[in-house]
Structures are given as C-alpha cells and as structure tokens.
Amino acid sequence: MVRASRTPGDSVHAARQQTGFLALALLLLAALLLPRPALAEDGYDLWLRYRPIPESEAAPYRARIAQLVAPATTPSQQATRDELVRGLGGLLGTPPPLADAAGVEGALIVGTPASSKQIARLGLATKDLGREGYRIRSVEIDGRDATVIAANTDAGAMHGAFHFLRLLQTRQPMASLDIREAPRTQLRMLNHWDNLTRHVERGYAGESIWDWHKLPDYLSPRYTDYARANASIGINATVLNNVNASAQQLTPMYIEKAAALANVFRPYGIRVFLSARFSAPVEIGGLKTADPLDPQVRAWWKAKADDIYKAIPDFGGFLVKANSEGQPGPQDYGRTHADGANMMADAVKPHGGIVIWRAFVYSHETPDDRAKQAYNEFVPLDGKFRGNVMVQVKNGAIDFQPREPFHPLFGAMPKTPLMMEFQITKEYLGFATHLAYLGPMFEETLRADTYARGKGSTVAKVIDGELHRGTLFKSGLTGMAGVANIGSDRNWSGSHFDQANWYVFGRLAWNPELSSRDIAEEWTRMTFSNDAAVVQPIVAMMMGSREAVVDYMTPLGLHHLMGRSHHYGPGPWVEGGPRADWTSVYYHRATKDGIGFDRTTRGSDAVSQYAKPVAAQFDDPAKTPEEFLLWFHHLPWDYTTKSGRTLWDELVVHYSRGVDAVADMRRTWDGLSGKIDPERHAQVATFLSIQQKEAQWWRDASIAYFQTFSQRPLPEGYAPPAHPLDYYESLEFPFAPGNG
Ligand code: BDP
C-alpha cells in the first residue's frame, strides 16, 4: 500500500486526535457507568415496551429461549415471528437465533400442526382450543427441553406468542409451563366513535387515528401498532366509525379506505365492521324510502353488502344505532327493531356476516322512566331476530354512568345473543385527566347475578353464552364491545393510565371471569415496572380509583348529573331544554323532602324488570346495596343510612371521601418519583393535580346545589363549598372536547 509521507505537523495533529478520542471514550464509559435516570418514555409503546430484563434475572429466561422455531409462510405467521423477535430481542438483549427445527437445549417452537412438523408430532393442539385458543407447554423433544406454543390456527399461535411474551414481561417462571387458553367470547370488539372528519365523539385522545383523507394509499405505521396492541389482548374485531354514522362511510370511496385498513389488520386476526346509517338507501342510494320491508331497500342493502365483501372478503358486518337519540330507524316506517335488523342480516348472511343491533333506545315522547325503555322495546322481540343478529346492550340501563346496576336486559332475552357494550373512553368519568381504572366497574357488572336461571346466573354467563347455550339461544354468537378511548395522541389514550382501560377491556372480553386486580397488576408490570415497590402502590391506587370518582361525582346511586351536552364537570342543576331525559333534575328529583328516583313498585316499577330475587332486593331500601340507593329510591334527607348517619350527612361524607382519595393518589404517585421515568411520571402527576381540582369542584358544586333542598348544615368538620352555587352554575365550557 502506498502511503503519503507525513509532516511533523501531522503527528501533532494525530496525537491531539488520539487524546480527543481517549477523552471521548472515557466520557462515554463514565456515562455508561454512572447511575442513570429511567429512560424517558412517551407511552407510545403501551404495554408492549419489551424493556430489558435486568441481567441478574435474565439467565433462566435465556436458557429457555435459546432458539426460535417459528414458521413465517403466511402474513400472520410472519407477524407472530416479528413480534417474538422484537419482544424477545428487547427483553433478552438479543433475539434468539432462528431455526427450522428445534436443535438445541431450550428451543421455543411456535405454530400449528399444519405449520410445524414438530408440533404436529407432539399432538398438542386440540379441538377444545377452538379457532383462537392455544397451549403453552414445557416439553422434551429428543431428550432436550423445549417450550411449545401450539394452536389450531395462526391466530391462536399469535395469541399464544403474546401470552408467552407477557410471561417474560411480568417475570413469571418458565420451567414447567402448562397453559391452556381459549377465549370465552367470540367477538372481542372495539367500537370507534370516529367521524369521517376525524373528530371523535366522546374522544379525549386527540383526533381519530384513521387518516381517512390519506387512505387507502398512505398506511400509517400506527395502524400496524394498533393491530399489534389489540392482538396482544385478544381483541379480534373493530368497528371503524361512529354509531352516529355518516352514510358516506358506505360509499365506494370509503369502502376502499376501510378495505385498506382491513388488509393491515388481517394478519393480526382482526376483522373490520362498519356502523351503518339506517337511512343510507335514501341518502346515498337515491331511494325514496329506507323502509326495511320495501323490496328495493332490501335489494339495495344486499347489493351494498356484496360490494363491501368484494373489497373486504372477511368483513364482519354492521353495527346499527337506530331510532335512538334522533338516528333514523325502522320505526320511522312503523316497523320494529327486528324488522330492521333482519333486513340487514339477510343482506350479509350469504357472506357469513352479522348485524349487531344496539339496544340503546329511549324516546322522550315515551313518558315512561328512561331506564325501562330498552327492556320494554326489546323483550317482546326475543326470538324474532335472525340467527346472525346480536343485540348490543350497554352495561347499565341509563348511559355509561360511573356506577349503574346491571342492565335488566341481561338474562331477559334467552333466545337472543346479547353483546355487552362497555364504554372505555371516560365520557362520564373525568375524560382523559382523571385517573379511573375501569376494571372494577366492568367486573362489578360481569359478576352481577341476574338470577335469570337461579342463583349464579351472572352477567358474564349471559355474555359468554353459558347461561343459555344449548337451551334457548342457539346461534352461539357471543361477544363484548368497548367504546374505544384511542386517538392520535402520542400515548394513544390521552393519558398513561387510560391505556389500562383499553387493556382490561380486552382481557375481560377474552375471559369475563378474570379478576380486574390481577389484570391491573399485569398491566402495571408491563407498563411501568416489575419492582414490587412500584407495582403494589400503583395497583392499590388503580383499584380504588373508580370508587373515588363515584364518590366525588355521583355517590349512593345518583346518576346523570354532568354538564349539559359536553358532559364535562358537574351540572346537577341542568333542567329544561329539548328533552327531560337529558336533564339532571329528571334523575335526582331532589326536593325539600328528599332525593332519588323512585324505581320501586311504588314508583316507576323499573325494579320489576329484574328477576324476582333481584327485584325484591331493589324494591326495599333496607335491602338495596347502598351504592344503588338513590338509583332505586326517593328518600328523605334524614333517612338513616347503614353508617347511622342521615342521608344528607352520608352524601357529604361520600363527596368528601372522593376528594380525599384523590389527594391520597397524589401522595402515592409522588412517592414513586425516581422509580418511574420522569416524562410519564410528570404527566401523571399533573393530571392528578387536575383531577384533584375537579374532584373538589364536583364535590363543592354538588353540595352547594343539593343543600338548597336539604337545607341542612354540613356535618361537623366538613368544609363548606369554596364558592356560592351561582358561581358553579355560571361556568361554561363551549369547547370541551369530544362533544357532538
Ligand atoms: C351517549 C353519548 C353519545 C352517544 C350515545 C350512544 O353521550 O355521544 O352517541 O351515548 O351510545 O352516552 O349512542
């Protein structure tokens, strides 16, 4: 090699350069050795962060995952393998080497009998795993330890892979695994209330993640991450658009856009559904009517379904909000909900599609208690729906309130598959800023006993079909829907803790009998830390958080007391306007004599919609669980509650307790500073301070208002509201998010 001669100046320069490099190397070394604050995180990775397992704990995991045998001949298999490579690579430092067959001690083998000879040979995948279940087992192959994730289908293998990653993420032992999982419900579905404008109705996490304008050409990487996150918790269906649907969604242009999203989701086992506007045949079809019995209308929906299935061969079907809150529906033509649902069901039937018809109906023209109307409308229709129709019922009979007794329709329609509808987005529980883990709320409803077929007839058993399977309800369709809290905010859900609500929804949809506490712990370990000093306080905080919201917003069975339209903040004084059932006074009925909605046999008789033992309990204030007291009873202010205090005093105590609970959460969270990355810690801390301010506002405004009726002093030691009532009444929030 020819070298240019060097001048003395060069060597001085070289020496300087060397010292420079040395200094830089020392600096880097120092940077590596010095204790570092936890990495800043923005929440984008959700519970799929895959941060390294500390070296001191990693060895047993590495030993069990020395090789990865995961076929990748289909897009779904490829996605599963990619996730394992990404996850294991993150958790273990480097991903295990890939191989075609287990050849070393500690291989991890993933697949189906069709995709993997070794799995076929082990004969692990069995019928009872169904289409989406899986097994994870420690086995021996040719005298060597191995772990197998076996399923009947690619989708099952993917769910198993995510479960396996979760075991590492939550630091579970790996040595003798024998896990068998199959989902208890068929449809585990998100309902996006996203408009084509990208405004999300009741969304508090920015605008819609669907960038309709750039679809179908531009596929944001978020769509894939969305699918990964959903698949990781077993969600297998998504309704892309708002139940208050635009007919435009069903035009060819938007079908093509939806098809592009369906293509992204398909490898993750997620099917696309669309909300359909009942009047679409008129609005975009040029017909004069949308009457479900009109032959032209029927033909229009059939043709529309055919077009959709051409673009999306695995399209799931339609979700419909009809004759509810001003939406068009079959009753506009003198037809029933069954007529409407069946007409659309016939259109998707040849393609294997279904129709999910919402039971959220009530009319202000009906003088009856709003809580009774869905039951009154739908129970007579039991048995009248086609086999591919599901009726989707909100958890409670009013509207996603912080606490509601279970909806009386559960257990009351034995011939109809009922789909649960929970609201994940916190429209009524403090938007994005209030920390409220909804697991206990979902669990409370799922575990409630309907007594429909005797003791133990829980809502969970209605939802997973167990209660009526093989008897009256034949179609076998089961499912749970959650109104999504997802938006384009970097952290997806508007706050770090709201991610837990998406998570717990998916996990409970998979198995409605799981414990919300266990799920909170799992989520905390994956999202924040496995350090017991972090896990315990966070789980405790989460588990108490929803009750705190109930206390400072709507204690003792009060409900629907929020600000008008936008639903932000307290509005117990809301009255007048277009319809009584959109006011607060309709629900609390406070007078000088007392407070609460009498739904007993002496009042609206809503109690009689429940099975006898439940009705008997709710009919008697002494037997009614106190958390539902004012839901079912109108009681005098000096009614004696279980604590011995008067109703008025007890209300004040609850309101105040809620505020105190938020102060406790703040203290807990402050104590975690330094144990959680500063970026997420700071945002949660700030949101908690907002929550405290707003909890105080709810308490004070409510007490100031109800005191005008109770005309009693506050119990000793309880501070009066900070402002007079007219101050609270004067506050206006025309630009509160999520409205309309
Ligand atoms: C209510 C929401 C409204 C929804 C409605 C529904 O305020 O925005 O359209 O539920 O579920 O709680 O249809």
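For all residues, glycine too, the Cβ spot is worked out from N, Cα and C.
Here the domain 'Alpha glucuronidase N-terminal' (46-164) returns a mean pLDDT of 96 for the predicted model. Summarising the annotation, TrEMBL assigns domain 'Alpha glucuronidase N-terminal' to 46-164.
Taken from TrEMBL, the feature domain 'Glycosyl hydrolase family 67 catalytic' covers 168-492.
Around the Cβ of GLU325 (active site, proton donor), the same chain contributes ASN244, each under 8 angstroms and 6 or more positions distant in sequence. Sequence annotations record features per position, and here TrEMBL assigns active site, proton donor to GLU325.
Summarising the annotation, TrEMBL assigns active site, proton acceptor to ASP399 (among others). Using a 10 Å radius centred on the Cβ of ASP399 (active site, proton acceptor) and all shown protein chains, the other Cβ atoms total 20.
Long-range neighbours of GLU427 (active site, proton acceptor) (same chain, six or more residues apart, CB within less than 8 Å of its CB): ARG202, PHE400, HIS567, GLY738. Feature annotation from TrEMBL assigns active site, proton acceptor to GLU427 (among others).
According to TrEMBL, the domain 'Glycosyl hydrolase family 67 C-terminal' annotation covers 494-718.
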I want to verify one value. Collapsing DSSP to three states, which class is GLU325 (active site, proton donor)? coil
